[in-house]
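The structure appears right after this line, and notes come after that.
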Amino acid sequence: MDKRRNLLNISDLTIGDVENITKLANQYLEEKVENSHVLKNKIVINLFFEDSTRTLASFEIAAKSLGANVITLPIKSSSINKGEDLKDMIKTLNAMNPDYMIIRHKSSGIINTLAKHVNCSLINAGDGSSEHPTQALADYLVIISHKKQIKNLKIVICGDILHSRVARSNIRLLKMFGAKISLVAPPALMCKHFSEVDSLHYSLTEGIKDADVIMLLRLQKERMNNNSSEKEYFHLYGLDAQKLSHAKPDAIVMHPGPINRGIEISNDIADCVILQQVKFGLATRKAVLHYLINV
């Protein structure tokens, strides 16, 4: 099998790639794709070493709707639990000649390492706190649908920046298109090392002033060691209607899910464009699978 292109990080994409994927995703949303079974007779293996509802279901539905044969391996009963090395497992699966492997793993950077041992297309469905490129592509599509362009938009990413792969991928992608990016987080959850970020804030109301887009992040308790008060977090960093009034009147509020209601966001604004993100995520993953098979 010829070596095909991977999607491991946002840096794998050019502006042209993003625009082409976005165009394809819009065609899938509008049901205007001429050959919707572009993956007929292709084999897609889903390997999710972390729990997932949205991303796993989205990739599985996307691949099946494009005509692929999809195998989602039950990790808890796989050879990994018998002590097999992850690299050996990937090499074994690669020997079966799949066309794609879609992998989620708790270890940052691991998928870049695994890519050296496969000759199929490899897609990163989230690796630790490193990257989640298809989520960023879906978020880009949502923002474009509301704001038409990214350049000079004030986009505020708020919450658990330190542990967030969604934040990292969005920062890198949105900056490619000229966004002005601000981060809001408690000091213990802030990450100060992004050259692409324009400003850091420790106050939510200060950070979202005149924001065009507010992107909230889940508080990732599974990656944290302390037990900070959820009530205190919501008081300081949870978004409600009163705090939202500091943003622009037409600001959109996003969240990659799953939502912790009453922690990151109040019930009265929790249903903003979040389900649209899910819908656009499915179209985006169809577009990515379609695009990678042709490059």
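Yeah, the Cβs are placed from backbone N, Cα and C, and that goes for glycine too.
According to Swiss-Prot, the features are:
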| type | residues | note |
| --- | --- | --- |
| BINDING | R54, T55, R104, H132, Q135, G257, P258 | carbamoyl phosphate binding site |
| BINDING | K82, R165, R218 | L-aspartate binding site |
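In sequence order, H132 are the binding-site residues from R54, T55, R104, H132, G257, P258 with a C-alpha within 10 Å of the C-alpha of R165 (L-aspartate binding site). Taken residue by residue with DSSP, Q135 (carbamoyl phosphate binding site) is part of a helix. For the binding-site residues shown (R54, R104, H132, R218), fewest C-beta neighbours within 10 angstroms: R54. Cβ-based neighbour count (10 Å, all protein chains) for T55 (carbamoyl phosphate binding site) stands at 23. Shown are the binding-site residues G257, P258; of these, the residue with the fewest other Cβ atoms within 10 Å is P258. A distance of 14 Å separates the Cα atom of Q135 (carbamoyl phosphate binding site) from that of R218 (L-aspartate binding site). Surrounding the centroid of the Cβ atoms of R54, T55, R104, H132, Q135, G257, P258, where the record places carbamoyl phosphate, the chain contributes additional residues within 8 Å, namely S52, T53, S58, A125, G126, V166, P256, G281. In the three-state DSSP scheme, P258 (carbamoyl phosphate binding site) falls into the coil class. R218 (L-aspartate binding site) is 7 Å away from G257 (carbamoyl phosphate binding site) when you measure Cα to Cα.
Neighbour count (other Cβ atoms within 10 Å of the Cβ, all protein chains): 25 for Q135 (carbamoyl phosphate binding site).
For R218 (L-aspartate binding site), the nearest neighbour among the binding-site residues R54, T55, R104, H132, P258, judged by Cα separation, is P258.
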